[in-house]
Amino acid sequence: MDVTAKYELIGLMAYPIRHSLSPEMQNKALEKAGLPFTYMAFEVDNDTFPAAIEGLKALKMRGTGVSMPNKQLACEYVDELTPAAKLVGAINTIVNDDGYLRGYNTDGTGHIRAIKESGFDIKGKTMVLLGAGGASTAIGAQGAIEGLKEIKLFNRRDEFFDKALAFAQRVNENTDCVVTVTDLADQQAFAEALASADILTNGTKVGMKPLENESLVNDISLLHPGLLVTECVYNPHMTKLLQQAQQAGCKTIDGYGMLLWQGAEQFTLWTGKDFPLEYVKQVMGFGA
């Protein structure tokens, strides 16, 4: 790819960032489509995020992806949020239109799309959702919008717990889905929730390097063959949770599905063009 002065810059702001496949995926897509953009990753945490956004405006960047730990903070630095992003309380995509910043969340639409592409109908179903960070709440919000009957959210009593309660209130007030929030330490409640669940989704970083030997499911017997188990983590590709699920006879969806579909939507938001889906799946080795 020959980058010229006519090219516009798209970024990714996260910390850590070195594990991300997004730059490779997006640049392959941009090159295939023949579009004058280049995508670069920047190590940005909560402390440096405000300055990074000022830099985005000053450099007239087309936009940026936003990942951990900046997804919730980023909402404070855009001029407009989509209705879904307001419901989530976090964004993973910023589009810069001549200094006017719009915030979107494609994590939720991407993950739910991956579930649908597998042939699973979420309408009327119950999801056990692990975590209350930006990705997890995005999945929950989009699932609620698209027809989930109930979401049982489990999170440790950490800095995200109150945010989880606020998220549940927003979803309960604005959709027909019922969301409850429970401390993950309550293993009896967790076991009971899994017994009646249709979907288990890990929206945390547990399972991602260097936590690749960990899973929030301590007892594999809690998983049953009728359960669909889905992951947000894609590094490693086969997390411990997915290994447990396959051993228990569950159908699984790996983190590549969410990465692919959320990235496809981002691509269109930034460029106005269709994402070369089949090409990217092939060159990236995604089975989604």
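Glycine too: its Cβ is placed from the backbone N, Cα and C atoms.
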According to Swiss-Prot, which candidate in Lys86, Lys205, Lys281 joins Ala132, Gly133, Gly134, Ala135, Asn155, Arg156, Arg157, Asp158, Cys232, Val233, Tyr234, Asn235, Gly255 at the NAD(+) site: Lys205
Cα distance (Å, whole number) from Asp107 (substrate binding site) to Ala132 (NAD(+) binding site): 13
By Cα-Cα distance, the member of binding-site residues Arg157, Lys205, Val233 nearest Asp107 (substrate binding site): Val233
C-alpha spacing of Lys71 (substrate binding site) relative to Lys205 (NAD(+) binding site), in angstrom: 14
Which of Lys71, Arg157, Lys205, all binding-site residues, has a Cβ with the fewest other Cβ atoms inside 10 Å: Arg157
Least surrounded among the binding-site residues, given as Ala132, Val233, when other CB atoms within 10 Å are counted: Val233
